[in-house]
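Straight from TrEMBL, the features:
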DOMAIN    343-584  domain 'COPA/B second beta-propeller'
DOMAIN    613-768  domain 'COPA/B TPR'
REPEAT    47-88  repeat 'WD'
REPEAT    89-130  repeat 'WD'
REPEAT    131-165  repeat 'WD'
REPEAT    203-244  repeat 'WD'
REPEAT    247-288  repeat 'WD'
Amino acid sequence: MLTKFETKSARVKGLSFHSKRPWVLASLHNGVIQLWDYRMCTLIEKFDEHDGPVRGINFHQQQPLFVSGGDDYKIKVWNYKLRRCLFTLLGHLDYIRTTFFHHEYPWVLSSSDDQTIRIWNWQSRTCTSVLTGHSHYVMCAQFHPSEDLVVSASLDQTVRVWDISGLRKKNVSPGPGGIEDRLRNPGQTDLFGTSDAIVKHVLEGHDRGVNWAAFHPTLPLIVSGADDRQIKLWRMNESKAWEVDTCRGHYNNVSCCLFHPRQELILSNSEDKSIRVWDMSKRTGVQTFRREHDRFWVMAAHPSLNLFAAGHDAGMIIFKLERERPPFAVHNNTLYYVKDKYLRKLDFNSSKDVAVMQLRGGSRSPIYSMSYNPAENAILLCTKASNVDNSTYDLYVIPKETDSQNPDAPEGKRSSGLTAVWVARNRFAVLDRTHSIIIKNLKNEITKKVQAPNCEDIFYAGTGCLLLKEPDVVTLFDVQQKRTLATVKISKVKFVIWSNDMATVALISKHVISICNRKLENLCTIHENIRIKSGSWDESGVFVYTTSNHIKYALTNGDHGIIRTLDLPIYITRIKGTSVYCLDRECRPRVLNIDPTEFKFKLALVNRKYEEVLHMVRNAKLVGQSIISYLQKKGYPEVALHFVKDEKTRFGLALECGNIEIALEAAKALDDAACWEKLGEAALLQGNHQIVEMAYQKTKNFDKLSFLYLITGNLDKLKKMMKIAEIRKDTSGHYQNALLLGDVNERVKILKGCGQKSLAYLTAATHGLEEEANELKEGFGEGERVPDLYPNASLLQPPVPITQQESNWPLLTVSKGFFEGAMAARG
């Protein structure tokens with residue numbers, strides 16, 4: 001039993017899987033209904049309008065609805081898209097135990113401690129029928145998956161089967177006389193007409209109250225579980241129903257039981273804190289899963305996937321009974337895989353898929369792994385049992401001549417062992433239960449034994465070598481020399497996938513991929529939030545892998561990303577160009593198309609294959625923020641510039657790669673003060689004073705503009721700046737410009753204008769403007785002192801520019817980068 005997801009909460013009393021989305025509803029003893037995404041392991045929503053425990057819960061198969069029933073006697077129909085309760089159905093007089101939607105009609109079926117079963121129409125929001133007959137609490141009632149039947153279980157120790165075809169006829173078709181007759185005589189009743197629901201069978205056999213009953217999805221069978229600790233299997237036909245057999249093994253009340261949707265199995269759980277799996281044909285237990293402290297209360301099966309949910313005192317678990325990863329091995333253009341007890345062979349080139357031999361039966365455990373030996377055309381198939389000591393492997397030599405319609409069943413050699421893999425043309429290694437590595441020949445005879453006390457699993461690592469999985473490390477071990485060649489610290493490795501040239505290896509754990517070279521030196525580590533399912537190396541050296549939701553890629557430098565999404569998990573067998581060859585969970589070979597452009601582009605950049613990059617830039621539809629940020633991060637903003645249409649991003653990239661012309665175009669389009677300011681700074685660093693001038697003009701940065709005109713010797717424009725300052729009544733700027741121009745008259749005028757008479761007089765007198773000085777001197781009043789002139793004052797006149805800088809400052813000639821040059825040439 002494999003636990004996929006677990007929650008901790010109050011006691012779970014009801015469970016329901018969504019038919020399409022990876023969702024499960026859990027109704028709790030404290031009145032809360034939880035909606036979980038079991039694939040992402042997140043709580044999506046909580047609904048808490050019930051008062052007291054909620055025992056009944058069920059998703060609708062098509063509509064965005066679910067129904068709940070609680071100890072507050074209320075049935076509530078909810079819309080999960082609107083995240084609210086739509087309406088409440090009232091009528092039951094005691095606790096409601098179960099609520100189920102009909103698969104086709106707008107009906108809800110409810111069972112209650114008021115000893116009745118009710119059928120409601122959720123569209124008209126009315127009760128259409130009340131099924132009475134039980135003499136104690138009705139613990140469970142369910143619709144038949146295809147027929148007009150209902151099964152119910154009660155504490156009166158009976159299971160009842162009800163025929164509701166009368167209700168269907170009454171509600172779905174107008175009946176005899178037509179609808180006009182019905183409307184004309186509404187009060188007329190058919191005295192001998194069929195009632196809505198009649199008891200078809202009463203199944204008696206349990207010695208205590210029955211807690212659960214369920215129909216088989218396809219066969220005329222019913223399973224029931226009761227407080228007598230027994231699970232009973234019943235068969236029925238049109239006229240009668242009878243007990244077929246009893247499964248005994250639980251040692252407390254059986255709280256829930258159901259048929260496996262696709263296998264001949266029954267699942268049950270109990271207050272004895274266990275889930276048990278029973279073989280329907282042998283009526284024997286095949287698996288038991290126990291919790292230490294929590295009693296189980298309810299169970300649900302997924303309608304289409306091999307998933308089950310069980311609710312207990314402290315939460316719920318989602319589990320599957322066995323691994324669904326198909327065992328396979330790839331050699332050149334051939335895929336060997338196991339399906340339905342046959343070894344099959346698929347030719348990738350011709351897509352020819354044939355059965356090559358029948359496999360030996362006898363083991364309930366599924367095949368865990370496969371190892372193929374092309375030299376001897378032999379395979380090793382490993383089976384892992386729940387009790388590890390019972391694990392076995394089978395050695396088969398594949399027949400050369402095969403009849404695909406009726407393949408042979410050659411005699412295989414079976415021995416105990418945890419794992420078996422080929423290490424040479426005629427030798428294979430087996431990890432036995434004592435954790436020794438045993439080397440055997442093709443006759444399954446021991447030739448050598450190596451002690452490996454901490455080894456938990458072994459993987460192929462080239463001729464004569466093995467990778468040993470230990471608790472926290474993986475070791476490269478030479479079998480011939482019995483010595484360790486290399487180690488790497490990685491824990492809980494599940495799969496090992498070598499590249500075609502055996503130069504690199506991907507070590508895959510549940511959520512981590514570690515890519516190492518031949519010496520087990522770690523090249524990169526990639527962490528995923530969702531389980532990693534499979535992987536394969538592309539011919540160009542890119543590792544393509546799948547999670548539950550996506551096909552992804554990883555480069556050996558650690559770059560990784562998503563190629564495409566998946567509806568259901570797949571297991572990659574091979575990557576060739578744009579095709580991903582894979583197996584699904586039904587072991588069906590499939591081919592998916594992918595677009596490898598993104599990872600090929602990144603790989604070419606990493607390997608500095610610039611011609612290839614340029615070709616892809618010009619021809620591929622590479623778009624998206626991730627590519628742009630990747631190119632920026634890797635130091636190729638000039639390449640990113642080619643993809644970008646957004647002006648703001650173009651502006652940033654152009655500045656980063658020093659392309660002032662493109663930055664100017666973008667700045668003009670954006671016309672944003674902050675952009676002009678940045679452009680001015682960048683242009684100044686490059687000595688492009690013409691663009692600096694434009695940037696300062698756009699941002700009205702007059703001080704910097706004046707200084708720019710000074711250092712470029714442009715006195716005419718500096719005079720204009722002085723005029724502008726005067727018009728703007730910017731006295732400080734006006735004076736500053738006059739000072740830079742050496743215009744004494746203007747300075748005297750400014751000082752006089754702003755009431756600085758003394759400073760104006762000193763300026764005029766010092767600079768030899770006698771007329772202005774005398775005029776100002778006469779303006780002093782009787783009480784005002786005329787300032788004394790400084791005897792050593794000298795004339796400060798700014799130097800006159802020899803030449804005016806018309807063109808931009810010269811720059812050093814630097815050869816353009818490969819991409820800039822190529823793109824400029826193209827332009």
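Any Cβ shown, glycine's included, is placed from N, Cα and C.
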Spatial neighbours of the repeat 'WD' (203-244) far in sequence, C-beta under 8 Å, 6+ residues away: 136-137, 139-140, 142, 144-145, 149, 151-161, 250-259, 261, 266, 268, 270, 272, 278, 280, 283
Cβ contacts under 8 Å made by the repeat 'WD' (89-130) with residues that lie 6+ beyond its boundaries: 14, 53, 55-61, 65, 67-71, 73-77, 136-143, 145-146, 150, 152, 154, 162, 164, 167-168, 171-172, 196-197
Within the repeat 'WD' (89-130), residues counted as helix, strand or coil by DSSP: 0 helix, 25 strand, 17 coil
Averaged pLDDT score, the repeat 'WD' (203-244): 95
